[in-house]
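**Student:** TrEMBL feature annotations, pasted as is:
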TRANSMEM  12-30  transmembrane segment
TRANSMEM  42-60  transmembrane segment
TRANSMEM  81-103  transmembrane segment
TRANSMEM  109-130  transmembrane segment
TRANSMEM  142-158  transmembrane segment
TRANSMEM  164-184  transmembrane segment
TRANSMEM  205-226  transmembrane segment
TRANSMEM  246-270  transmembrane segment
TRANSMEM  291-311  transmembrane segment
TRANSMEM  323-343  transmembrane segment
TRANSMEM  355-374  transmembrane segment
TRANSMEM  380-398  transmembrane segment
Amino acid sequence: MKSKFKKNIMSTLGFNVLVMLVLFFQGVFTAKTLGAEGKGELAYIINVLNIIFLICGFGVRQTTSFLLRNRPKLKNEIWSSHYCFLYFSIFLGLIIFWVFSFFKIDSYYWLGMVIPISIYTNFKTSVFLLDNNINGINVCKFIIAVIPFSIFATLFIFGFDVSVYYYLISYTFAHILNLIYVTYCTESNYYLFKVSDNLRAKNTVFLKAFIKHCFLFGMPLVLFTFNFKLDYFFVEYLLGPSSLGIYSVSTSLAELTWAIPTVLSFVIFSEGLSKKGSQAFKIEIEKKAKLLSLVLVPAFILYSFILWKAIPLIYGNEFTLSVIPSIFLLPGALCIIIFNILHGEASSRGRSGDCILPLIFGLILNTIFNMIFIPYLGVIGASVSSSLSYFFSFMIYYRRYRKE
């Protein structure tokens, strides 16, 4: 079991190093080809779509795998509830997209087809978590990250006048390809056309219990993402798309630092399910999180010095203003990394809801700080707001985690 855990970690690290590099080059390429305003528009649209996917997923994938692992005798009831959420989530996602289409994304109405595709694919990957198939999840992340950039860059090489429109076409194709891959890998365990049979097993009591678990697993993810993405809406509303393009470079560079360690939380969650609430596993993860933080502090200091020279050199002088916000985001990134690792272990013990109150507190703080700092400090104010909210959320959560 231990060797498989290490194998999953190494596999995840390998995949995500590659994904991280692709995302980095994608950020540089889109910044140079689209400019600050175009990059800001693209960041806003992708941000909206990701929030829709997150709200509509709402912890169903984790809940399904958690309950199937711990209550296998209720398999019919679990899948019945799962399918109920699938259809409701697709309907909800289309409604939210329709509302947003009246604002910034009316020119890209065809992106609505991505909503059901992504939600259905996300639900199907419950089978990956259940089988501890971390490679399957890694491949999904790889497809969504690599394919859009590959197609967009190819169009540029062949002389097309690349724009936000062409990138979003590539993004849509990546989701279709991901659907094909996941369907191929999970079809024997996940039958869409058996939904009607499963729904006959009516069990409202269990459905309520399923909803409760979805809330405990999903709410932390929603709150965490809202906290992370909230700045985008404030920056776009108060400063405009060009400033959002500059800030998106800062957040993407900060996100690179937590991309790999944070993805490990999925490995820890999957491994923790097999440990069934082992206290020894909790202690082991906490020790490794502390060790990781000691390694990351000097690494982040070095990274901040590199950013001073690297951003103007790589992205161009137009994005020089991204340097200081990137550095101010690093303390918050450290908090996010340790937070997610501990949360992955706690979720495997059914303690996912412990972080809800700390995250709500952080979200409220971030909202207040953004309204205060952004009008006076610009994009720097957004980065300061984020780091402060992450820090306070982490400190409150860690105090509670240690008492368990």
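In case you wondered, yes, glycine gets a Cβ from its N, Cα and C as well.
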**Student:** Among 12-30, 205-226, 291-311, 355-374, 380-398, which stretch has the highest count of C-beta pairs below 8 Å with the transmembrane segment (42-60)?
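**Tutor:** Comparing 12-30, 205-226, 291-311, 355-374, 380-398 against the transmembrane segment (42-60), the winner is 205-226.
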**Student:** Relative to the transmembrane segment (205-226), which of 12-30, 142-158, 291-311, 355-374 accounts for the most Cβ pairs at distances under 8 Å?
**Tutor:** 355-374
**Student:** Which residues, given as numbers and ranges, are at least 6 beyond the ends of the transmembrane segment (380-398) yet have a Cβ under 8 Å from it?
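**Tutor:** Same-chain contacts beyond the flanks: 227-228, 231, 234-235, 247, 250, 324-326, 328-333, 335-336, 338-339, 342-343, 354-355, 357-359, 361-363, 365-366, 369-370, 372-374.
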**Student:** Mind checking which residues of the chain, 6+ beyond the ends of the transmembrane segment (291-311), have their Cβ under 8 Å from one of its Cβ atoms?
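**Tutor:** Counting only partners 6 or more residues beyond its ends, the transmembrane segment (291-311) has Cβ contacts under 8 Å with 249, 253, 257, 261, 319-320, 322-323, 326-327, 330-331, 333-334, 337-338, 341.
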